[in-house]
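Asker: So Swiss-Prot lists the following for this protein:
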type    : residues                                                      : note
BINDING : LEU73, GLY104, LEU123, SER124, ALA125, LEU126, THR127, LEU128 : S-adenosyl-L-methionine binding site
Amino acid sequence: MKLQLIAVGTKMPDWVTRGFEEYQRRFPRDMALELIEIPAGKRGKNADIARILHKEGELMLAAVAKGNHIVSLDLPGKNWTTPELAEQMTKWQLDGRDVSLLIGGPEGLSPACKEAANQSWCLSALTLPHPLVRVIVAESLYRAWSVNTNHPYHRE
């Protein structure tokens, strides 16, 4: 199974890139984690946020590989513990499809992305900076993988 992380924003701070890549490289080949960056729309004091969200959403959905299971990262989503996320990963594997996880920009995801999602995952009730979410998602997925494979990374 391939995990596809589709995120808005292309010029991340170095610590975000290093943090994401640290977990990305730990995944085995049979569960590769791929990052696809979508250019963020230009935001200014008079920006049309609805139009920007719409365009970002179109680009995100165009990046989803055909037939993938889509998971949006969104506040109304389901909170998963590490064991519950590990269980979700097992279900995704048994489903036989690759998984695309969608991370929006500063204003979140477009309505089209939310509607296209098969599932919605809420990392926290806190508002998190969208660059940091990349690192948290990569680590959480790696930890869930380690639970499923009895790797010593996760300890209870």
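Placement of Cβ uses the backbone N, Cα and C atoms for every residue, glycine included.
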Asker: Using all protein chains shown, find which of the binding-site residues LEU73, LEU123, LEU126 scores highest when you count other CB atoms within 10 A of its CB.
Answerer: LEU73
Asker: Going by DSSP, is GLY104 (S-adenosyl-L-methionine binding site) part of a helix, a strand, or coil?
Answerer: coil
Asker: Within 10 Å of its Cβ, which one of these binding-site residues (ALA125, LEU128) has the largest number of other Cβ atoms?
Answerer: LEU128
Asker: Counting every protein chain present, what is the number of Cβ atoms, excluding its own, within 10 Å of the Cβ of THR127 (S-adenosyl-L-methionine binding site)?
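Answerer: Neighbour count, Cβ to Cβ under the 10 Å cut-off: 8.
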Asker: Tell me the coarse DSSP state (helix, strand, coil) of LEU73 (S-adenosyl-L-methionine binding site).
Answerer: strand
Asker: Specify the count of other C-beta atoms within 10 Å of the C-beta of GLY104 (S-adenosyl-L-methionine binding site).
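Answerer: Result for GLY104 (S-adenosyl-L-methionine binding site): 25 other Cβ atoms within 10 Å.
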Asker: Taking the Cβ of SER124 (S-adenosyl-L-methionine binding site) as centre, how many other Cβ atoms lie within 10 Å?
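Answerer: There are 10 such Cβ atoms around SER124 (S-adenosyl-L-methionine binding site).
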Asker: Looking only at LEU73, GLY104, LEU123, SER124, ALA125, LEU126, THR127, LEU128, which the record lists for S-adenosyl-L-methionine, tell me the maximum pairwise CA distance in angstrom.
Answerer: 16
